[in-house]
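J.: Quick one: the structure is below, and I'll ask about it shortly.
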């Protein structure tokens, strides 16, 4: 049987606006690339103890009023600050948007012990926390201090972490200037660092900016295969991607599987399916076998041109050529059928996955939840959520947002609270993103007691609610004359570094105001 991908086909014009996201995964920088800091597996009892210690330390960081107070509280707790514990604590602070200054106090406090060295993961996570709060002066102070203590911790990944936070709020010129500072900080300022900068620009700026920086700096750093793969992965224009593919060959860099997959993905997203087929032919001529990423890109392209049935047939042909579909490949086909509003066919594919020994993940369910959200189908959404719980597939943040927004639209407070309680008890989803929608629902429905309880639950987990949500609840508390409750929430918010103030006015009543502190930063 001839392979479908090698045969030209005619296709219908797509009327769908949704573009499936089929991300290529390659040459990722690991969270902890240094084998010195590899983790040994813990027993369940050790994990339980460590989790308990992490919660205790997070509570100390959140509630401490000063670095001295933190030092005394940690000493009293008796918790041993191991590398594993510090890594986990900083990771939690990062994802809970905790106070960056208290986190830095904790980081510096741990480093004062004789013979102690932080891991690369801890350093990069601390830099990310500071960068997100635009504490750039503190970033450079920490880096120069780390250079004196243990320069080996500063890696190309560190370059990427810092550059990404700077690029998010600063110009390309300032980003490049900051990149050049690393020449005195990184043990080896080479092409790997250059690649980290390009990856940052591809993610945080435009591909035009990345291209210009590449051409300006390529004579200082010799581009390699990874350089071109990073650039190829970012282009949405087939013409631009083809230009880099050609330059790659002219420089004597031979394309690999990742290179071909990047260009195929661009063709498929641009609905140029015929060009993608020709590239598959070329891959085979070069003895490069298409992998599951190649086929998944093709499946996505077929969905964009309105051919879900052909994309399903690709799953069969993959197996015939020894490339077995994974969950992502099935998700891509399921997405195509959901876009075509053929939910029954999509469900049959999910059953087929199970028959092949593949378990649907949160992304699989999100494809359905998206369809149910837009069709306002609360019953199907709730049924699917119950199925996720039964099968042990925890929802991710996107799942929770689809559900919570639908609950808000249909004013289903009980369902929203059940989902929130599951999030709190089982630790899935982002409290910060979901809470804004939840608090809007609760405040609109006048559920002040429930809103206050959820607010407190969130802060007990070390996560800071948004000022927007606080303002809404503050107004309701004022109207209900719940001064003590408002004072309590304000004090807890202040522990996260908020500028919320509660004071007495001339008439003796509470005068509450809230304003955001605009972060100030500059370059040395």
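Every residue, even glycine, has its Cβ placed from backbone N, Cα and C.
All TrEMBL annotations are machine predictions without curation.
Sequence annotations record features per position, and here TrEMBL assigns repeat 'PPR' to 256-290, 291-325, 326-360, 361-395.
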J.: For the repeat 'PPR' (256-290), DSSP counts of helix, strand and coil?
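T.: Split by secondary structure, the repeat 'PPR' (256-290) comes out as 26 helix, 0 strand, 9 coil.
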J.: In the repeat 'PPR' (291-325), how many residues does DSSP call helix, how many strand, and how many coil?
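T.: Final tally across the stretch: 26 helix, 0 strand, 9 coil.
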J.: Can you break down the repeat 'PPR' (361-395) into helix, strand and coil residue counts using DSSP?
T.: 27 helix, 0 strand, 8 coil
J.: Within the repeat 'PPR' (361-395) only, compute the mean pLDDT.
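T.: Per the prediction, mean pLDDT sits at 95 for the repeat 'PPR' (361-395).
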